[in-house]
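Colleague: My questions all concern the structure below.
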Amino acid sequence: SLKMRVWIVFLLCLAGHAIAAPTEEEPVVEELVTEEPVVEETEVGTNPVQVEVGEFDEAIEIEDVVENPCLNYHCKKGKVCEVDDSNTPMCVCQDPSTCPAAEGEFEHVCGTDNKTYDSSCHFFATKCALEGTKKGHKLHLDYIGPCKYIEACLDSELNEFPLRMRDWLKNVLVTLYERDEDNNMLTEKQKLRVKKIFENEKRLQAGEHSLDLLARDFEKNYNMYIFPVHWQFGQLDQHPVDGYLTHSELAPLRAPLIPMEHCTTRFFETCDADSDKYIALEEWASCFGIKEQDVDKDLII
């Protein structure tokens with residue numbers, strides 16, 4: 001089976017504890033009262049706590065916006081928000097030294113310059129600093145983990161790669177379908193497509209299968225593989241959604257895959273049939289053995 005971890009999720013749990021200082025009660029001193037105390041009436045409206053809460057909250061909110069113009073200002077990876085002299089937010093390259101220290105080797109990443117970076121934060125901050133230079137243009141995130149020797153991909157191995165990849169994509173979708181109770185992972189239209197695959201008695205179950213069996217199953221149950229291939233393309237085509245996959249858009253799939261599948265890079269290079277640095281849907285589908293007449297942009301739902 002295809003051993004890969006395509007999604008690496010880092011969960012950062014922040015727990016805040018409000019510590020209140022204990023208050024001491026003032027001792028009650030009993031005094032002998034010989035005369036009735038004179039009680040002065042306090043004029044209504046002079047007590048500070050009588051300020052209307054709504055007005056007070058609104059004042060704080062406006063003040064926060066003025067003081068924190070970067071609060072909801074989004075910057076791409078490698079950049080952070082800063083304000084200029086007129087308090088206008090803008091994105092500037094992050095200093096790599098301000099990135100959090102890596103907790104372990106699992107956070108290391110390898111760049112296409114064959115250099116290991118402590119974390120993706122360190123990598124993207126470094127890439128940002130090189131923007132506009134030839135070196136920066138060529139620098140991309142290659143894969144997750146420290147740089148290591150990756151053996152060459154033989155022609156015979158390249159032909160085997162899509163067999164495992166297709167089977168894996170189909171099984172990923174079925175797993176999402178089974179676990180998606182809250183409709184967070186698949187849309188209703190996607191579920192309808194996957195339901196047909198899930199309920200098909202001829203479906204090859206997930207597990208260790210020989211390449212011969214995977215090849216026979218693709219030929220026999222070809223229709224089951226059409227939607228998974230389209231679905232993965234749609235998952236990657238996000239920045240922007242334009243019907244083409246760039247090197248950066250492929251990264252979420254490539255980066256975790258390369259250390260375990262040494263044909264990954266060559267496979268995606270082969271997919272770019274016209275060598276224009278973009279993989280169109282037709283090129284992507286062809287790589288996975290989907291017939292030209294079955295390529296349908298409407299399946300990217």
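Cβ atoms are placed via backbone N, Cα and C, with glycine included.
Relevant sequence annotations retrieved from TrEMBL are reproduced here:
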type	residues	note
SIGNAL	1-20	signal peptide
DISULFID	Cys70-Cys81	disulfide bond
DISULFID	Cys75-Cys91	disulfide bond
DOMAIN	92-149	domain 'Kazal-like'
DISULFID	Cys93-Cys128	disulfide bond
DISULFID	Cys99-Cys121	disulfide bond
DISULFID	Cys110-Cys147	disulfide bond
DISULFID	Cys153-Cys263	disulfide bond
DISULFID	Cys271-Cys287	disulfide bond
Colleague: Can you tell me the CA-to-CA distance separating Cys153 (disulfide bond) and Cys147 (disulfide bond), as a whole number of Å?
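Modeller: Given the Cα positions, Cys153 (disulfide bond) is 17 Å from Cys147 (disulfide bond).
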Colleague: State the Cα to Cα distance, in Å, between Cys128 (disulfide bond) and Cys121 (disulfide bond), rounded to an integer.
Modeller: 11
Colleague: Please report the Cα separation of Cys93 (disulfide bond) and Cys81 (disulfide bond) in Å, rounded to an integer.
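Modeller: Given the Cα positions, Cys93 (disulfide bond) is 9 Å from Cys81 (disulfide bond).
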Colleague: Determine the mean pLDDT over the domain 'Kazal-like' (92-149), rounding to the nearest whole number.
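Modeller: Mean model confidence (pLDDT) across the domain 'Kazal-like' (92-149) is 93.
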Colleague: Reported as an integer number of Å, what is the Cα distance between Cys147 (disulfide bond) and Cys263 (disulfide bond)?
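Modeller: Cα-Cα, rounded: 16 Å.
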Colleague: Per DSSP, what is the helix/strand/coil residue tally across the domain 'Kazal-like' (92-149)?
Modeller: 21 helix, 11 strand, 26 coil
Colleague: Between the Cα atoms of Cys81 (disulfide bond) and Cys263 (disulfide bond), find the distance and write it as a whole number of Å.
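Modeller: Between the alpha carbons of Cys81 (disulfide bond) and Cys263 (disulfide bond) there are 39 Å.
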Colleague: Name the one residue among Cys70, Cys110, Cys287 whose Cα is closest in three-dimensional space to that of Cys121 (disulfide bond); these are the disulfide-bonded residues.
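Modeller: The smallest Cα gap between Cys121 (disulfide bond) and any of the disulfide-bonded residues is with Cys110.
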